[in-house]
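What follows is a set of notes on a single structure, which appears directly below.
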Amino acid sequence: MRPLLLLALLGWLLLAEAKGDAKPEDNLLVLTVATKETEGFRRFKRSAQFFNYKIQALGLGEDWNVEKGTSAGGGQKVRLLKKALEKHADKEDLVILFADSYDVLFASGPRELLKKFRQARSQVVFSAEELIYPDRRLETKYPVVSDGKRFLGSGGFIGYAPNLSKLVAEWEGQDSDSDQLFYTKIFLDPEKREQINITLDHRCRIFQNLDGALDEVVLKFEMGHVRARNLAYDTLPVLIHGNGPTKLQLNYLGNYIPRFWTFETGCTVCDEGLRSLKGIGDEALPTVLVGVFIEQPTPFVSLFFQRLLRLHYPQKHMRLFIHNHEQHHKAQVEEFLAQHGSEYQSVKLVGPEVRMANADARNMGADLCRQDRSCTYYFSVDADVALTEPNSLRLLIQQNKNVIAPLMTRHGRLWSNFWGALSADGYYARSEDYVDIVQGRRVGVWNVPYISNIYLIKGSALRGELQSSDLFHHSKLDPDMAFCANIRQQDVFMFLTNRHTLGHLLSLDSYRTTHLHNDLWEVFSNPEDWKEKYIHQNYTKALAGKLVETPCPDVYWFPIFTEVACDELVEEMEHFGQWSLGNNKDNRIQGGYENVPTIDIHMNQIGFEREWHKFLLEYIAPMTEKLYPGYYTRAQFDLAFVVRYKPDEQPSLMPHHDASTFTINIALNRVGVDYEGGGCRFLRYNCSIRAPRKGWTLMHPGRLTHYHEGLPTTRGTRYIAVSFVDP
């Protein structure tokens with residue numbers, strides 16, 4: 001008998017051990033309803049997969065039988081749940097979690113969920129809300145709660161399969177009926193509540209409904225993990241539900257929870273689902289329609305088009321739609337198209353003479369892509385975007401989002417092209433992470449409620465969820481806000497990436513159109529673009545000491561201006577036209593007497609004195625301190641002007657000392673092309689510079705040592721820009 005007894009005992013132990021190996025979560029099933037795979041559903045699945053939940057989606061492929069945006073509905077969810085529970089009704093150990101999916105995400109795993117469910121000591125636990133819905137008349141029938149939320153929420157509940165089967169057994173309603181009202185009436189019936197054994201998650205230990213509780217919920221960063229913390233009850237909910245107006249807050253939380261972004265790891269999902277373009281030849285690249293919008297007077301439009309041309313994307317796979325609202329920019333647009341329009345697959349221009357409204361033009365651009373099935377992407381770019389990264393388009397395509405914008409900010413400011421949150425009336429509100437995203441302390445791909453100025457939209461999205469031909473009208477909102485409101489209404493996510501610096505936004509606040517070349521005045525508002533357009537590309541080499549010549553003792557020669565800077569400064573002066581007479585009487589200067597007169601126009605005559613001083617401070621002062629060690633300058637000046645030399649007007653300049661500590665003399669046109677002769681001779685050293693280079697400046701000491709003269713111009717017209725610095 002003993003051997004048989006031992007075998008029986010061993011078998012019992014093995015069976016017990018096998019049961020002990022079974023994980024509690026093996027008896028957990030998550031049911032949800034999703035009639036189509038929206039971005040919200042994919043987010044729900046991703047958070048569930050992170051914690052290894054078993055999920056079954058009900059209703060995929062069905063029509064949703066309630067009109068979007070209506071307050072009632074949800075009966076379809078009850079119908080689908082009732083049918084799904086038929087095969088589980090007798091599984092007493094099976095725990096079923098039922099939750100919405102489009103606006104829900106998991107913050108913790110099955111083990112914690114089941115632990116908290118069992119601690120509730122009820123067979124069915126519903127989420128609880130601060131607000132009663134849909135029938136406020138039922139408020140008095142609710143049991144009084146001393147601590148916690150009082151009202152039932154149908155967006156999430158958990159229970160044993162037999163009890164849930166009893167819960168939905170009486171459902172005979174229509175798909176358009178309210179599921180919340182159905183469950184509420186069962187809960188408010190004391191007999192049914194006791195029979196099914198229902199309670200509410202009053203303190204949000206399992207479920208967190210954001211509606212009516214936005215101020216209670218904050219992010220809690222743990223080591224390598226992010227939770228939502230309820231401050232009112234000091235709880236860490238397992239599921240977060242953000243229905244209705246709180247979806248935007250769920251989107252914000254979903255940028256982090258459960259571990260999509262942490263301080264330790266950064267973005268953990270930014271490289272998921274990418275569309276790689278590596279190794280793809282030009283012929284196989286997707287077709288992109290580029291929409292360009294010039295809606296107001298904008299600086300550096302010519303530079304905008306140059307940057308467009310520098311994109312590393314074949315023009316034969318790009319189509320252009322340009323809406324130019326401004327007569328002021330008509331010549332620049334036409335010049336660009338005349339020179340480069342034929343390089344693109346197609347071009348459509350809507351000019352200022354058409355007088356098309358901003359929203360209508362943007363609708364037209366999007367619709368051109370929508371109606372053409374070969375249009376894979378629509379790339380909308382406003383003219384105030386400085387797209388400085390040539391790989392911008394490829395990088396955005398690579399992220400593989402329906403709608404995505406790159407972060408763009410204004411120079412030195414927190415102003416950007418996205419909002420991290422919206423106020424109650426739908427306007428700007430600053431999210432907790434806004435500054436960190438703008439300043440690059442948090443880097444990733446962010447789900448945000450508002451983008452503008454530049455974005456990439458998939459053509460398939462325009463032909464699908466965004467198929468409305470009027471995306472840019474919504475109530476009385478401006479086109480940018482209307483666009484975002486319409487996208488949010490379709491439950492399409494708008495993403496913002498700050499993984500790469502693709503460019504910046506121009507400041508338009510102080511832009512004026514009263515000059516011939518208005519960009520010259522933008523050195524304060526848009527210094528980066530001013531530098532790109534007007535400062536010589538080799539200036540940085542000169543600053544590093546690699547491109548500085550010394551043609552005469554203590555005379556330095558280095559590049560400073562671009563060809564464009566030289567041309568525009570000359571044209572601006574000629575456009576102004578009030579050249580001095582070149583005699584000693586000069587009312588423009590203190591005392592009214594000029595000892596060494598030239599035919600010139602002063603910078604202050606064209607309102608350019610502040611801008612010129614900024615130029616001297618930013619670009620001349622650093623060179624001075626390098627070339628004359630120990631001397632530091634604030635680049636003060638009394639005289640800064642453009643001189644014109646002509647054989648029949650004033651061909652040369654008599655020997656003189658400059659009234660300065662040092663002088664700069666910038667050649668504004670080309671010897672041998674625009675004029676002959678000219679140059680500068682330093683008499684004490686018997687040293688002449690006879691072939692000044694356009695855009696290069698001479699820098700030399702002024703009074704005392706460098707006695708010099710202007711050599712005769714024998715043909716054409718010579719222009720130079722001169723400053724007497726630190727007089």
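From the backbone N, Cα and C atoms, a Cβ is placed for every residue, glycine too.
Annotated active site per Swiss-Prot: ARG718, in sequence order, evidence recorded as sequence analysis. ARG718 (active site) falls within a strand segment according to DSSP.
DSSP classifies HIS656 (Fe cation binding site) as strand under the three-state reduction. Counting every protein chain shown, the number of other Cβ atoms lying within 10 Å of the Cβ of HIS656 (Fe cation binding site) is 14. As annotated by Swiss-Prot, Fe cation binding site applies to HIS656, ASP658, HIS708, with the evidence given as a curator's inference.
The feature domain 'Fe2OG dioxygenase' is assigned by Swiss-Prot to 636-727.
In this structure, ASN163 (N-linked glycosylation site) is part of a helix by DSSP. A simple way to gauge crowding: the CB of ASN163 (N-linked glycosylation site) has 19 other CB atoms within 10 angstroms, across all the protein chains here. The N-linked glycosylation site annotation in Swiss-Prot covers ASN163 (among others), and the record cites sequence analysis as its basis.
Taking Cβ-Cβ distances under 8 Å and a sequence separation of 6 or more, the neighbours of ASN197 (N-linked glycosylation site) in its chain are SER122, GLN123, VAL124, ASN163. Per Swiss-Prot, N-linked glycosylation site is recorded for ASN197 (among others).
Reduced to three states, the DSSP call for ASN538 (N-linked glycosylation site) is coil. Per Swiss-Prot, the feature N-linked glycosylation site maps to ASN538 (among others); the stated evidence is a curator's inference.
For ASN686 (N-linked glycosylation site), no same-chain residue 6+ apart in sequence has a C-beta under 8 angstroms from its C-beta. Per Swiss-Prot, N-linked glycosylation site is recorded for ASN686 (among others).
If you look up Swiss-Prot, you'll see 1-18 marked as signal peptide.
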(message) Helix, strand or coil for ASN197 (N-linked glycosylation site)? Use DSSP.
(response) coil
(message) Using the alpha carbons only, what distance in Å do you get between HIS656 (Fe cation binding site) and ARG718 (active site) once rounded?
(response) 19
(request) Please classify the secondary structure at ASN686 (N-linked glycosylation site) using three-state DSSP. (result) coil
(message) Looking at the recorded positions listed here (ASP658, HIS708, ARG718), whose Cα lies nearest to that of ASN538 (N-linked glycosylation site)?
(response) ARG718
(message) Around the Fe cation site formed by HIS656, ASP658, HIS708, which additional residues qualify by having Cβ within 8 Å of the site's Cβ center?
(response) VAL596, PRO655, HIS657, THR663, GLY702, HIS706, TYR707, GLU709
(request) Using C-alpha atoms only, work out the spacing between HIS708 (Fe cation binding site) and ARG718 (active site) and round it to an integer in Å. (result) 18
(request) Please report the DSSP secondary structure of HIS708 (Fe cation binding site), reduced to three states. (result) strand
